[in-house]
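J.: Input: one structure, supplied below.
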Number of protein chains: 2
Amino acid sequence: MKYGIVAFPSKKLQDLANTYRKRYDPHYALITPHITLKDAFDADEAEIGEISKHLQEVASRFAPLQIHASRISSFYPTTNAIYFRVEPTPQLENIQKSIQEKINFGAPKHVFVPHITIAQKMSASEHDDIHGQLRMVGVDEKDSIDRFHLLYQLEDGSWTTYETYKLTGAE
Amino acid sequence: MKYGIVAFPSKKLQDLANTYRKRYDPHYALITPHITLKDAFDADEAEIGEISKHLQEVASRFAPLQIHASRISSFYPTTNAIYFRVEPTPQLENIQKSIQEKINFGAPKHVFVPHITIAQKMSASEHDDIHGQLRMVGVDEKDSIDRFHLLYQLEDGSWTTYETYKLTGAE
């Protein structure tokens with residue numbers, strides 16, 4: 001089964017991201033707006049109890065995530081995804097690293113750049129056009145996220161929540 | 001904010017429901033296949049801590065839900081939704097009643113009929129046609145569900161999980 005680990009920002013920030021995703025992101029219907037903490041990885045259902053225990057440990061060490069979506073940026077030329085850039089902080093880097101260390105399934109595909117995707121899978125010219133527009137509009141939202149989620153993927157590509165982990169620590 | 005309480009069946013049963021929902025359910029993209037334990041209700045964000053505590057109490061009393069999706073049925077003429085009928089059991093009735101008693105927001109709109117919706121919002125003739133076909137195909141799946149979820153709704157109608165409650169009791 002395919003699993004992933006994400007943090008959902010506040011409803012306000014999700015609603016804002018969806019105003020763009022509705023038009024520009026073909027994954028719009030598969031999952032609500034999120035910050036990916038660990039990319040999709042394969043695991044047996046038998047292993048998921050252990051994984052869940054590790055995630056519970058991580059969650060008990062970290063305090064609610066203080067995030068700042070500060071501007072609209074693009075991963076071009078790596079991919080043509082456009083996103084709300086979430087300012088990197090030691091807290092975000094540490095929680096991502098802790099999750100990666102504890103759950104050693106699948107190496108991270110790329111350096112951790114915290115973000116909320118709002119557009120992807122466009123042609124090169126669409127990308128340039130939309131990126132140009134959205135960069136000017138920008139974003140400036142601060143948020144506190146007090147939990148993260150382990151999800152699993154259905155055959156149609158959509159994601160269901162398996163479990164929620166509340167951030168109850170101090171880090 | 002609008003909240004709802006659901007139990008997601010196994011991936012296998014969700015995948016099966018989605019083969020129909022993809023074609024026949026316009027809510028397909030808003031939420032993955034589920035059994036509704038409490039219909040959408042309005043609550044303040046300030047109240048949600050209390051609500052969550054009540055749900056935790058309910059979850060600690062009940063054992064994993066043993067369900068049997070036994071046939072394909074329709075709510076016609078109340079609505080034209082078609083669904084996997086989940087055989088009513090004392091366990092399902094008790095957990096639904098306990099949730100309703102503990103969370104006294106919004107009276108239940110109708111008698112509790114446990115089900116997984118697979119088609120809705122069709123014209124009367126589409127309904128009759130599709131119901132006729134699917135009733136013949138039928139369904140016969142048993143499943144054990146060891147948790148339920150509190151969700152909240154975004155402005156576009158989609159649902160994000162707020163929290164997961166594991167069924168760890170004996171009832």
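From the backbone N, Cα and C atoms, a Cβ is placed for every residue, glycine too.
Not my notes, these are from TrEMBL:
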type     : residues  : note
ACT_SITE : A:His34   : active site, proton donor
ACT_SITE : A:His115  : active site, proton acceptor
MOTIF    : A:34-37   : motif 'HXTX 1'
MOTIF    : A:115-118 : motif 'HXTX 2'
J.: Could you tell me how many residues in the motif 'HXTX 1' (A:34-37) are helical, how many are strand and how many are coil under DSSP?
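T.: So the motif 'HXTX 1' (A:34-37) is made up of 0 helix, 3 strand, 1 coil.
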J.: Express the distance between the Cα positions of A:His115 (active site, proton acceptor) and A:His34 (active site, proton donor) as a whole number of Å.
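T.: Cα-Cα distance, A:His115 (active site, proton acceptor) to A:His34 (active site, proton donor): 8 Å.
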J.: List the same-chain residues at least 6 positions away in sequence whose Cβ sits under 8 Å from the Cβ of the residue listed as 'active site, proton donor', in sequence order, or say none.
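T.: For the residue listed as 'active site, proton donor', the qualifying residues are A:Val6, A:Ala7, A:Phe8, A:Pro9, A:Ile116.
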J.: Within 10 Å of the Cβ of A:His115 (active site, proton acceptor), how many other Cβ atoms are there?
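T.: Total other Cβ atoms inside 10 Å, all chains included: 20.
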J.: Report the DSSP secondary-structure composition of the motif 'HXTX 2' (A:115-118) as helix, strand and coil residue counts.
T.: 0 helix, 4 strand, 0 coil
